[in-house]
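Undergrad: So that we are looking at the same thing, I have put the structure below in structure tokens.
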Amino acid sequence: MSNTHPYSGATPIPKIADFLEEQRRRFPSEHVQAHTLPSAAERNAVEDSNTGNKKDGKTTKADAHPTAKEQTKALKHGHADGNRRTVKDPATGAMVEIEDVNKDFKKEANNPELVVPKAALPNHPSDERDFAGPTQPMDEYAEKQDITAPPAPVAPGTTVDVPIHGEKTNILFHATPTLSLSDTVFAGFEQKATILCAGIFGTILVLGKMLGGGSIWALILISAGVSGGVWYWCQGVMHEARTVDWESEKKRGETANQNLIPESVEWMNSLLGLVWSLVNPEMFSALQDTLEDVMQASLPGFIENVRVAEMSQGTNPIRILSLRALPDTEVPELKMAATAARDGMDEQQRKAEEDGGEVYNLEIAFAYNAAPVDTKSLSGKTRNMHMQLVFYAGIPGLVGVPLPIWVELKGLVGTVRLRIQISPDSPFLKTLTFTLMGIPQVSVSCIPMVEKGINILNLPMISNFVNASIATAANEYVAPKSMSLEIGKMLMGDDVKKETEALGILWVNIHKATGLSKQDRTGSSDPYITLAFSKYGKPMYSTRVIVDDLNPIWNESTGILIRSEHIKAGEALSVELWDSDRFTADDLVGKCEIPIQDLMVHSGKTQDYVSKLSGEESGSTMPGELHWSVTFFGKTQFRPALRTSGKDVNLPPQLKDHPELQDDKGQLDTAEEDAVMHTPPDPLWPSGIVSVIVHQIVNLEVRDKTGTYGKRKDGKEYSPGMKTGESVQEEGGKLPSSYCTITLNDQLIYRTRSKVLSSKPIFNAGTERFIRDWRSAIVTVSVRDQRQREHDPLLGVVPLKLSDILQTSSEVTRWFPLDGGLGFGQIRISILFRSVDLTLPPPLLGWEVGTFEFLSHTISASLSKPAKLKFRTGGSVGKIPRKSCHITQAGGIEWSTTVGRKNPRPLRLPVLHRYMSPICIDIYTSSSSRKPDCHAMIWLDKLVDNERTSITVPIWSTNNPQRLSQNYIETPGQHPELDVKEIGTMTFEGRFQPGMDRDHARFATDNDSRETYETWEACRGEGIRGDTVYTETNAVIDELHKKSVREMRHDLVKTDKGMLGEEEEKKFTDKYGMNWREVFEAAHVELGGEEEEEVRRRKLGPLDPPVERYDDYGYDTDYSETSTSPSDDESDDSYHHITSSQYVEHGQDGNEVHQIIPRTNDGDAVTRTHDKSSGPIAALKDYRENQKGLHRKHRGLMQWKPMRSLAFAKDEAKFGARKLRDKVKLHGREPDVETEV
């Protein structure tokens, strides 16, 4: 079962609880609907009884809502009253009535409505003994079958109406109804067994009391034990009898298959019997993975995890009961319409229409029943379809005890409809759409993994959980829902994603709100805004909370992805305004909604709104107005000027033409898919949608940390020091329970489910996100091992800079090695980027996470008194004491930006939310006052990443500093409520440097932030990521873009002069795409930016190198960055801050000897000192300098489990205390980390 849409936050894993809730909601309507199906006489009887009850003032039980007990019983037995419902068939497009398969088919057995061909009818009154019957012996049954066989009737008086050519809709005949012992013999036996058990219970109780006079509780216990044993024995007898009954029906079909008149689909069942055991169990890995995901998403609290360790089809095949073609009345009309439309098409359009192929509809009824096996051992049960589950019972994160369970499939009945699209090209199958006509009936038995276990089929704890998991997974494909598979691509081995699910983005600007209602007792409000979809409801974005303000000004912007399901569902963008409370749930102040379809109609045009706020109830209003704007931007077309060969440019020329060394491109069916795989991202459109999918990991294992015990002698001195090679295990043992996390620009955005104890975990999960600039974006995939009573260790990381990997195409699917952790393995990742026609100004193309650096040595201000400075931004605080201030000769004052006593360093302020955070500078001129006397504000959305900027900000004195610092106010003088006065200016140089550094360690306040910081630390520590993130493209894109710019300049002159005719416009459309006007507008900005950059480089030279970074840890580890921004003609990659150069010399034999010399980006060789001072103090200092890297790989003190448990307990206590402290803080409804669970 392969899904073309991987699990994500938009397509979560189905849960059993959601499935049961859906069934409970559906049950009352089905209960009523079931009573509309009987005959007219039955309906009249029901109406008469209802009329009589109404006269008596009473209500019948059928009219009342079912109780929880009745609902649970109905769910378990398939709704005894019937659960028929009319839905749309995805295969034929017609309305069809479906029903979940249940255990009670008495009505269907008494009134069979099977579509079967005509039977051979005698000319004289028929006798029951003239025809084959299910109760006849095998010899007599075969003889009766041969009597009516072709070429001519053997017995006189019989017809030649042989069911070889049946109806048009039949390709194989339905099974002949046979007599089932379940409704006759077994029902009576079960009734008698119940009476017997009740009699035994009563007899023991009465005789024991009369004769022995024992305790009543002891007699009840004995009676229950004896009668329960008899009941269990009777159930086992009936179970074995049912198995034999099914086996006899199977033999009857085999006999019928040997006759000249083939019965039903026995020939196909014979074929299945031959090939069933030859099928590789690996084909069920996707089904195994799906079932494990559903179970993990629905685990009870006392179960920590679950793993499907094994799944096999056994040797007992599934049986096909019927197989028939379905009519598709729309096909002739579609053919005529397509033929008529082809007359006006060109050759390409006609070929695309013909590629659609023909459609074939099919319905298959199938069943499975376990064959009789030797129950003395588990090895005998491998004949039937089975799987092995391992439940880990305990407390999540603390303890887990494995409980292996053997699950055997006892029965399966269902009906599936297929819609197959046939293509004239190999492999002749294009798409396959299937849907289940009701939830299949599944029954399993579960026994512990011991030699002789007790069948716990009738115990609800495990068997019901497994049954519900299978039903939940199957419910995702019950009509009208369906699943479409690109079966042609699957047969060709194509799972490469070539298009994003998002159709575009909504760029939303939230400006301000006015006149809000008072929510707090103080007569004010603490407002913030969330963006969500009106029906989905989950917040997609949240602004900052502005405390104590009824007229907040946010000025924040964000991009929201729009998918096709949002349009089909009629979603609207809901802008909700909330009041944040400390101790109670947040209150909704008001909201406004705009249909997304209306926004898409005006694509690329900004819609400005001043919206009146409405309440939660429809039609209600709330005081206040919201000022905001929104624009829909669709995906851009690919520029033909950027098209490449699609080959890997990093390979040597001798290997570039080897197809096995190229990236997997899959099957390219359309021109759009071909452009994706041969055109890199466009520098003219840096903003867009990135899709990240984690497929699977192979050869995953944990590095062996155990030492060598004992002396290496007596032959051991010649043994290898470490085990090498690939892992010999696939599951169990010491393998990790892995899961993956995805960080985008140092922000955690996605977490997969965990795969327990496997060296080949399959995830097939991913996410899509909007990014502001692909030229600087970095996607990092981390793999961790889920552990108990310790932090989940990092097995490895894979940092991917989009400008580095997307060199010749916009999509890459590749195997990457894991690095930087304590594990080995290779992970398969897909990266896809599609630009949107949004052009943001350079300051808005940066990262959210970064650091504000003071580059000037001093900060000058036009003040007369020395003062103390305090810098505040989101979660970060910096101070410059009064003693660092001195008066200048010009009459102003200056502060030194160097802080720290032991380690003097320039002032740096780490930032987590750059586009909603200012740098607030509080100035304390009075030494006696605890409140600041004046303020200055720097909004970080005005700075360009990595660009040195001279900043001059006014210094304000106000009586309302809280409103000044929280609201985005560029001109405070225009706000009379602030009562501001400008008393001076402050001047310094600084810049915003994107990405994490060691100053961000203070933000590790929970496990998510701790793991995110550890991921960055691993990337930097292993040298696979540099300290500075640059906005850059690669050499391939640079060359193609410069070439296209030279061709574009001449065309730009024509557009500026208005020299455009129809021929020129058509030529531009063919050359630049349908949106060539937007391309030219972006080119104007881009070309101007290039010219300004060249002038700046000639005047100022390259960018200043980053200042020195210092640690805030308890130990001293000073390090400096030596990498600078590379010039255009440099070929080294600034993404790797350590590069390699070769020093070539000649040996004694005259051959060249290549020596690798590591170098930094500026070309300086990296020197390594091998001479270390001896002594315990020097060893301790050396250990403290490297302990972070050692601990991350479980070396040093962390190689022992107790030390890791202590560190885990310490951090959990710290995080718990901080969580309690944050309970009383004001915060918005921020979206959680996306996951498919």
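Glycine is treated like the rest: Cβ placed from N, Cα and C.
TrEMBL: automatically predicted annotations, no manual curation.
Fair warning: this is a prediction, and the values are worked out from it, not measured in the lab.
Dumping what TrEMBL says about this protein:
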COMPBIAS  21-33  compositional bias 'Basic and acidic residues'
COMPBIAS  53-88  compositional bias 'Basic and acidic residues'
COMPBIAS  655-665  compositional bias 'Basic and acidic residues'
DOMAIN    261-488  domain 'SMP-LTD'
DOMAIN    486-609  domain 'C2'
DOMAIN    671-816  domain 'C2'
REGION    1-91  region 'Disordered'
REGION    644-665  region 'Disordered'
REGION    711-732  region 'Disordered'
REGION    1088-1135  region 'Disordered'
TRANSMEM  216-234  transmembrane segment
TRANSMEM  389-407  transmembrane segment
Undergrad: Which sequence-distant residues neighbour the compositional bias 'Basic and acidic residues' (655-665)? Criterion: at least 6 residues beyond either end, Cβ under 8 Å.
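TA: Those are 496, 646-649, 677, 809, 812-814, in sequence order.
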Undergrad: I need to check the long-range neighbours of the transmembrane segment (216-234): which residues 6 or more away from its ends have a CB within less than 8 Å of a CB in the stretch?
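TA: Counting only partners 6 or more residues beyond its ends, the transmembrane segment (216-234) has Cβ contacts under 8 Å with 189-190, 193-194, 196-198, 200-202, 204-205, 208-209.
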Undergrad: When DSSP states are grouped into helix, strand and coil, how many residues of the domain 'C2' (671-816) land in each?
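TA: Its residues divide into 15 helix, 62 strand, 69 coil.
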Undergrad: Taking DSSP states H, G and I as helix and E and B as strand, how many residues of the region 'Disordered' (644-665) are helix, strand and coil?
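TA: Helix, strand and coil residues of the region 'Disordered' (644-665) number 3 helix, 0 strand, 19 coil.
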Undergrad: Just to be sure I understand, if DSSP states are collapsed into helix, strand and coil, how many residues of the domain 'C2' (486-609) fall in each?
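TA: Residue counts in helix, strand and coil order: 16 helix, 55 strand, 53 coil.
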